[in-house]
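Features of the protein shown, as given by Swiss-Prot:
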type	residues	note
MOD_RES	MET1	N-acetylmethionine
REGION	1-73	region 'Disordered'
COMPBIAS	1-12	compositional bias 'Gly residues'
MOD_RES	SER22	phosphoserine
COMPBIAS	58-73	compositional bias 'Polar residues'
DOMAIN	75-440	domain 'GBD/FH3'
COILED	460-562	coiled coil
REGION	567-737	region 'Disordered'
COMPBIAS	585-736	compositional bias 'Pro residues'
DOMAIN	586-747	domain 'FH1'
MOD_RES	THR751	phosphothreonine
COILED	1027-1179	coiled coil
MOD_RES	LYS1040	N6-acetyllysine
MOD_RES	LYS1086	N6-acetyllysine
MOD_RES	TYR1104	phosphotyrosine
DOMAIN	1177-1205	domain 'DAD'
MOD_RES	SER1237	phosphoserine
Amino acid sequence: MEPSGGGLGPGRGTRDKKKGRSPDELPATGGDGGKHKKFLERFTSMRIKKEKEKPNSAHRNSSASYGDDPTAQSLQDISDEQVLVLFEQMLVDMNLNEEKQQPLREKDIVIKREMVSQYLHTSKAGMNQKESSRSAMMYIQELRSGLRDMHLLSCLESLRVSLNNNPVSWVQTFGAEGLASLLDILKRLHDEKEETSGNYDSRNQHEIIRCLKAFMNNKFGIKTMLETEEGILLLVRAMDPAVPNMMIDAAKLLSALCILPQPEDMNERVLEAMTERAEMDEVERFQPLLDGLKSGTSIALKVGCLQLINALITPAEELDFRVHIRSELMRLGLHQVLQELREIENEDMKVQLCVFDEQGDEDFFDLKGRLDDIRMEMDDFGEVFQIILNTVKDSKAEPHFLSILQHLLLVRNDYEARPQYYKLIEECVSQIVLHKNGTDPDFKCRHLQIDIERLVDQMIDKTKVEKSEAKATELEKKLDSELTARHELQVEMKKMENDFEQKLQDLQGEKDALDSEKQQITAQKQDLEAEVSKLTGEVAKLSKELEDAKNEMASLSAVVVAPSVSSSAAVPPAPPLPGDSGTVIPPPPPPPPLPGGVVPPSPPLPPGTCIPPPPPLPGGACIPPPPQLPGSAAIPPPPPLPGVASIPPPPPLPGATAIPPPPPLPGATAIPPPPPLPGGTGIPPPPPPLPGSVGVPPPPPLPGGPGLPPPPPPFPGAPGIPPPPPGMGVPPPPPFGFGVPAAPVLPFGLTPKKVYKPEVQLRRPNWSKFVAEDLSQDCFWTKVKEDRFENNELFAKLTLAFSAQTKTSKAKKDQEGGEEKKSVQKKKVKELKVLDSKTAQNLSIFLGSFRMPYQEIKNVILEVNEAVLTESMIQNLIKQMPEPEQLKMLSELKEEYDDLAESEQFGVVMGTVPRLRPRLNAILFKLQFSEQVENIKPEIVSVTAACEELRKSENFSSLLELTLLVGNYMNAGSRNAGAFGFNISFLCKLRDTKSADQKMTLLHFLAELCENDHPEVLKFPDELAHVEKASRVSAENLQKSLDQMKKQIADVERDVQNFPAATDEKDKFVEKMTSFVKDAQEQYNKLRMMHSNMETLYKELGDYFVFDPKKLSVEEFFMDLHNFRNMFLQAVKENQKRRETEEKMRRAKLAKEKAEKERLEKQQKREQLIDMNAEGDETGVMDSLLEALQSGAAFRRKRGPRQVNRKAGCAVTSLLASELTKDDAMAPGPVKVPKKSEGVPTILEEAKELVGRAS
C-alpha cells in the first residue's frame, strides 16, 4: 500500500496537464495555502487508495457526517476558482461522460461547493476504513508469481472487484501489463485443460473472463484489449458449452466487440478467431454455438449464442457475406434448432429470434433485387454460360453442372410442353437459390420443400389463356372470313344496283321511245284520217261523175247500138273501176320499226287486194351448202329426207292466213312454169362438190392435232359414204431420227470410233472428251490405235468390276471357270427408238414414283379424277411428257409395244389421249384455281379494309392534326410555315428531327404528348389493323394475277369448245371442265369487281389524303403507314423505358442518400453507445453495449435496401453507381459524390474478374 501523500506528484501532474494548468500555478503552501494543499492531497490520495466498495455506497452516510467534518468549514474559505478546479477533478474521478457532466457544470457555485464537500467527506470515510485496497502493481506482481488453484482464484476475485470499483486511472495503471498477465494465465489454463482438468481451472478461467469484462468496461480497456494479438482468440476459446456460465460471458463479450463502431469489420476479426480455433480443435467454427443452442442447455446460454450469431451477421455490409454466414449455420443444423428455440417462452430469446428473422427476410429481398440487376446487366446467353462454366470448372460442382445440362437435353421437344418445363425448372431453381431467410437450403435433408402449387396454378391459368388466345385467333380468322364475305356481298350488291340502274335507264329510254312513236303514230293516224276523208270526198265526186258518165253512155249507146256491136272486139276494155276486186292499190308505206328491232304490222289492205309471192330463186329448189374451208375435216351435207325432192316452203306464221296468188289479169293466161332442163327431172341437179368434199381424201392432220373423227352414219335410205380409195391418202412423214444421213468426213484421217454395247450398264468415267474438231494434226490423239488392245476378256473384267448393277453377273461365273455352269437369263436392255436417253431416263424416274399402270394413269387423266391427280403430279407430267411429234411417232409403234422401253411404252399409251398437253394444262389450272383465288382474295380484302380503316379512324386523324400543329409551329418564319397539310410520307421522317440534347426525336415528343394529353390517340394502331397486310400487297402483281387468271379461263373455255367428240366413254374432260369454266368465270368476275372496288377506294383515299394514286403505289403507301405505326409504338415503349430509367435513377439517388443517412445514423447510434475516438475515459461502456445487445437496440434500425454499398459484393451497387454518374453528369450544378461510392465495380466487371480468376 502506498502512503497517502506519495501519489501527489503523478496524480496531480496528470490532472493539471489535462486542464492546462501547471503545478506551479496552484496556491502556495503557506497560510491558507497549506489548507488548500491538504485538500488537494486528499483528492490525489483518493485516486491512489480506494476502498473495495463502490463510491456511491458512502453517499448514504455523507449527510450524517457532513456537520462533523472540519473540511467543510475549510472549503468555505477557498475561492470560487479553486472550487471549480476541485469540481472538475471530482467529475473526472467519478468516471462521468461528457453528456452527464454538462448538467452538473451548469449548477450554481453554492451547489458545486456542497457537492465537492460531500465528495470529500465520502472519500475521507473510505480512507478511514481498516482495510484499504491493493495497488494495481501489486496485482500484476501477484499474477506473475505463478499462483494456482485457490490462491489464483482469490486473487482474481479481488482483482475483479478492484477493476469494477476503482476509477479509470486505476485501470490505466493496471494497463496493458496487467492485461497481458491475465491473458497469459488464461492461455495456460486453456492449454492445460486439454491435458488435465483441475477443479479450479474452469473457475479460474471464468473469473479471468469476468476480469476481462471489468477491464473492458471503459474505452481504455477496450482499446488495450483490441491491441493484443491473442485476446479475441482466447475469448473464443473460452466458449465451452461444458462451462455454460463462462461461455455466456465470453459470448457476450464477443458480441459487444462485433458491434463496435471503430475499428471497422470487428465481426470479421471475431470470425477469423473462431476459424483459427476451429482449425486448432478440428471442428466446424460454429459448432460451439450450435452446441450451446441445443436442448439441455440453459436459456441464458441459448440467448447468448443466438445474440453472438446476430452480432456476427448484422454488421456485415456485403449481402454475400451475410448469406454465406447464415447458410453455414443452417447447414450445421441451425434450422432444426430454431424450431425448438421458437417454443421457448422468454423475452430475451424472442428479441434475438425477431432480429434473426428480420435480417434474413431483408437479405432475401436484397437477393431478389440482385437477380433483377443480373437480368438487366447480363442478358447474353454465351457470356452468362461462360461465366458459370468458368466458376464451376475444375471444381466438385463441375460434374453436377454438366448433369444439369444433360437433364435439360431430356426436356421434351414439344412446342407447347417445353416452355412449361422451363418455367417449372426456373421456379425450382429460384426457390433453391433465393431461399427464404437469406440462407442456403438444408443440403443434409433429403426432403426439400419447394412450393410449386402456385406455379402449377399459374400454368393452368396460362393454359387457359393460351386456349383463349387460340380461340381468339380462330375468331380472328372467322372475322376475316366474314369480312371477306361482306366485301363480296358489297360488290355483288353494287353490281346488282348498277344493273338495276342500267335497266331502269333502258326501260326509261324505251318508254320515251314508245311515247315518241305513239305521238308519231297518232299524227300519222290523223293525217291518214284526213287523207281518207279527202279520198272519200273524191270517191263520192268520182262516183257521181261515173254515174253521170254511165247515164251519158247509156244515152249514147241507145243511139249507136249497131255500130257498137260490130266493133266491140276492137274496143279496149275499160279500166277497172275503183272498188273492183281486181284493182291493185299500192300498200301504204311501212311504219317505223319499234324499239328492239320489231317491225309493227302494216295496216290492212283494202278488200280484194293481194300481194304476189316473190319469184323463186334462179335454179332452184335447193340451196347448195357453203363450200368447206381448206384443211378442215370433210363433213358431208345431210341427205334429203325420204321422198322429198326439194325444200318445202316454210309454213305460214301462226294466226296468219295464206295469201293466194293473184289471179291473172282479165284476158291473160297464167304464166307457165319454166320448162325443165334437158334430161332433167324437174329438179335442178345439185352443184358439183366443193373442194374438201367426200370424194377427195382429207389432208393429213396437223402435227400434234387429233385424228379425224369418224363420219356420221347415213340417214335411213341413203347410201353410205364410201371410204377413200387406196393410195389417195397422204402418207405420214417418216419418224424423226430414222433417216440415215451420210457420215461426215473426219479430219486428219481419223475414223469413227467403234460403238460398244455392253450387256449391262457400267459405271461411267466423268471425263471431258475431245471431239475431232478439238484435235490438231500433230497431236497425240490423232495417232492412237486403241483397238489393238481390244479383247473379250478385258470387257468381261470391266463388266465384272464396274457393273452398275449389284447382282453377280454371269461374266463373273464365266471367269471363274466351270464348264457345267447354267446359263442365266438376263433382262435385255431395250433400245430406245424415238426418245433420247435423257428424256427416257427422266420419264422412267417420274413413272417409278407413282407405281401405277400406264393405262390407269391414262384413265385418271381422262376422268379428271382429282382424288388421284395432284398439282405436283400434273406439273411433273407436263415437264417430262415427250413432245407431240414424238408421241405421234410412238403411236405408230403400237404393234411393237412389247419391244419398246418402258418410257416409250408409256408414250404409246398416252399418245392415244386426244389433245394431251392442252388437257393437262387445263387440269393443272383447275387444280391451282382455288389456291389462286385464296391468294388473290385476301390481298384485295386487306387493301380494301385498310382504305376503309384509314378513312374511319378518328384517332389517326387527330394525330395528323397534332403533327400539323406542331410542324407549323416549328416552321414558323420559314417557307414551310402556314401549311394546310403535308404528305403522309412525312410521318416516317418525324424521327429525323432531334431535340436539342439529342435524347429524343419529334416522334418521341408526339408520342409523349399523346400519352399525357391525348391518351385516346394511342389507340390508332389498333384501328389500323389491316395496314400491315396491305403493305405486303403489290397492286401490279395483283393485276397480273387477275389478267393471268382471265387468260387461263379463256384458254380452257376455248379448249373445251374446240375439243373433239369423246371416243372413250371414260373421257369426262369436257363434262367436268365445262362446269369448272362456269364456276371459274363467276369467281373471276367476283374478284374483278372486288379489285375494281379496291382501286376505287384507293383512288378516293388518294383524293382524301392528297396524293397521286398512279405515282404512289398501294404497296409504298401502306408500307409508309406500317413503318410509321411501328415507329410510333416503338417510340411509346422507348418513352416508357426512359421514364422508368429516370425513375430508377431518382429512386437510386434517393436510396443512396437514404442509405448514407442511415449509415450516419447507425454510426451515431453506435457512437452513442461508445465513441472510441472521443477524448476522456468513459466507463460503463461494456455494460451499455451488452444492454443494447440484450434489448435488440444494437440491431434494430431502419435499414433501407442494401444496394448502396461500399463493397463490391452487392450487385445493385453497380447499377446505382452508373445511374448516379449519369445523373450527376446531367445535373445543372455540381453534386458531391461520397468517396466511399467511388470505384465500385459493376456486376459485369465482377463477373469478368471471376472469369479471369477461374481461367
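Cβ coordinates are placed from backbone N, Cα and C, and glycine is handled just like the others.
Distance noted between the C-alpha atoms of TYR1104 (phosphotyrosine) and LYS1086 (N6-acetyllysine) is 27 Å. A C-beta separation below 8 Å, combined with a sequence spacing of at least six in one chain, links THR751 (phosphothreonine) to none of the other residues.
Summary: among the modified residues (LYS1040, LYS1086), the fewest other C-beta atoms within 10 A of the C-beta are counted at LYS1040. The number of other CB atoms found within 10 A of the CB of TYR1104 (phosphotyrosine), across every protein chain shown, is 12.
You'll find the Cα of LYS1086 (N6-acetyllysine) roughly 16 Å from the Cα of LYS1040 (N6-acetyllysine).
A coil conformation is recorded for THR751 (phosphothreonine) in the three-state DSSP classification, outside any helix or strand. Annotation note: LYS1040 (N6-acetyllysine) sits in a helical segment as assigned by DSSP.
Within the model, the coiled coil (460-562) shows a mean pLDDT value of 85, rounded to a whole number.
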